[in-house]
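So that you can see what the record holds, here are the features copied from TrEMBL:
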DOMAIN    A:233-428  domain 'ABC transmembrane type-1'
TRANSMEM  A:40-58  transmembrane segment
TRANSMEM  A:112-132  transmembrane segment
TRANSMEM  A:139-155  transmembrane segment
TRANSMEM  A:161-178  transmembrane segment
TRANSMEM  A:185-207  transmembrane segment
TRANSMEM  A:230-256  transmembrane segment
TRANSMEM  A:268-292  transmembrane segment
TRANSMEM  A:304-324  transmembrane segment
TRANSMEM  A:361-385  transmembrane segment
TRANSMEM  A:405-424  transmembrane segment
Amino acid sequence: MSDTHAQTVPFVRDTMLPQANPPTTEAGAVRWMRENLLSGPLNVILTLLAIAAIYWVVQGMLPWLLASVWNAGSIAECRQIIADAGRESGACWAVIRERWPQFLFGFYPNHLYWRPVTALLLLFVALAPVLFSKAPRQLLWFSAIYPGLAFWLLWGGSVFVPVVALLGLALGWAAFHFGQRISPLAGVVAAILLPVLWWLFLAGPVAEDLGNLLPRSMPWWMEEVRSDKFGGFVLALTIGVSGIALSLPLGIVLALGRQSDMFLIKSLSVCFIEFIRGVPLITLLFTASLLLNYFLPPGTTFDIILRVIIMVTLFAAAYIAEVIRGGLAALPRGQYEAADALGLDYFRAQRLIILPQALKISIPGIVSTFIGMFKDTTLVVFVGLLDPLKGITDAVRASPDWKGIYWEPYIFVGAIFFIFNFSMSRYSMYLERKLKTDHR
Amino acid sequence: MTETIARAIDRSHMQVSDEVAIQIVQMNKWYGTFHVLRDINMTVNRGERIVICGPSGSGKSTLIRCINRLEEHQAGQIVVDGTELTSDLKNIDKVRSEVGMVFQHFNLFPHLTILENCTLAPIWVRKTPKKEAEEIAMHYLRKVKIPEQANKYPGQLSGGQQQRVAIARSLCMKPRIMLFDEPTSALDPEMIKEVLDTMIELAEEGMTMLCVTHEMGFAQAVANRVIFMDQGQIVEQNEPREFFNNPKSERTKLFLSQILGH
């Protein structure tokens, strides 16, 4: 280039420089190592220490894992096999091999295992259109009826119980649709009032009568499974998935309530959020299992899993409301003003402009809350339900065959929790990337 | 900045009719105890192009934000297109869908494409079918000379382009009045011209416009009235030539000498 002797003050560039490649030492693995592992004395020391730490953990665990025993009838047999092999210690996975159904299904009847499995597989089908925009939109209909279907598969009984319950929602939707023609407020009121009245007064008798009309056989009736048979991951997933699905909408409503200009709505939302966040989850679970019985009329049976789901939902919703409030606060005022200036009313502005942006900002916080809640489902052990971590593991360890086993069941349960939670975390990162449109 | 408006302006459509578009009578507004707008009286006829100027904090933005009720006034009367602005939400939504507004910081919706930004309000407020709304949107995007950006997101556009999209977005609602709140203050000098050109074109078509701006060249070229505000009051208003060449009040003279001084 002719710019090399351009030290004189008047200077005109006559050719623009093309882009050039960096020197070879500044690219590839060599550069990566130098920059990330060996960039200075402190970094070199830290790298060596980290390698030592990894070595220490691996040399401790590897012999134990390598001496794994998969075929044994009891822990004594396990230890015998390990000793015969001349090893000091070894993992006894035989307990998982023998008892895995219990970890996954609790005391759910053996011949009905297909039902929770089907429910889980169908869950993925129902989730697909909700989570991925590429999935066919028609599947959303399946997602809408899935809660009823899953309920029926898990608990069995008359098909009319979930059908009648879902009818309440359909009724609410219809009421909203027609009420809107009178006035938006009438639509909202009707959409809340009608289903509640239906569930309170009509749903029970209607379901019972329909159930009695028809034979107690397959398309209308499946063998009932009571809640005390639930356990392990069937229980954790039932509570976790319902809690996640219900707490997000409730959390959004609470967050908007807290932002509202209407004093009463705002105060109610603040009180609810602060109260629920202020007490430990265990307190709420105890309230659900013990205190609620005192308040309900004697003789009412109110399913314990349902009660726990309600409490877990309220608990997560309070946290999610605060996470979403953070997202709402992060939006510039201009977004609200632009929506107003275009003539969008409150609900449309929230739905089309504010919430899509606020929820996007809140994704990491919301997913953290979900993950935390899914792990907290193990706390139901304190109200006598058999959670996978303590409930089932204790039951297994109480049997004479496996008395004294310690690490293996916890590692197994932990691994399954990890798979679910890591998937959630990965999904949230995928969603963040997909929704990134601001190019900041 | 008179030189930014070099081309000849076609004034053939810029007729002011006798029909009243906006009527403001004895309007007062307070922020808490601070009296921001004092006894504002003002009539805007259809087809008028009014430039409002004044030092910062003089209440000029607040005034035009009162016209579509982004700010509430506490006393007096504002009638827009025959609809009085009260706390009645129906009236407010009606006025807002008839009055377009362009903001200093564009306020495009970053999660929607340019086209979606433009079709959102027609589809949801006017209930225009999607296809038709998209045609309208493309028409106005062509008008502001960025149809090729329709499927990009606002973050991918330059400031000038974003502001032109914001103007197109307002126009898609077919407003009868346009409010501009310092539309060029957040732009680089290179981009001010493209936005002013768009605004001039709009004026040539006879749009009723109220514009808060410091672009005095634009005021001289397009406005048929300039309003000078200070301390929440209208201090002086006149047609542009008189206003700039022969200001009456001392406050106006000082202001003009400061902004035109160099």
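Each residue, glycine too, has its Cβ placed from N, Cα and C.
Beyond its flanks by at least six residues, the transmembrane segment (A:230-256) meets 102-108, 116, 120, 123, 147, 154, 269, 272-273, 305, 308-309, 312-325, 328, 350, 355, 359, 366, 369-370, 373-374, 377-378, 380, 385-388, 391-392, 416, 420 of its own chain at Cβ-Cβ distances under 8 Å.
Stretch with the most C-beta contacts under 8 angstroms to the transmembrane segment (A:405-424), considering only A:112-132, A:268-292, A:304-324, A:361-385: A:361-385. For the transmembrane segment (A:304-324), the residues of the chain that approach it from at least six positions outside its boundaries are 227-228, 230, 235, 238-239, 242-244, 246-248, 250-252, 254-255, 258, 269, 272-273, 276-277, 281, 284-285, 287-289, 292, 358-359, 362, 365-366, 368-370, 372-373, 376-377, 380, 383-385, judged by C-beta separation under 8 angstroms. Within its own chain, the transmembrane segment (A:112-132) is flanked in space by residues 101, 105, 139-140, 142-143, 146, 149-150, 153-154, 156, 222-223, 225, 234, 237, 241, 427, which lie at least six positions past its ends and keep a Cβ under 8 Å from the stretch. Within the chain, the transmembrane segment (A:185-207) has long-range Cβ neighbours (under 8 A, six or more residues past its boundaries) at 158, 160-161, 163-165, 167-169, 171-173, 175-179.
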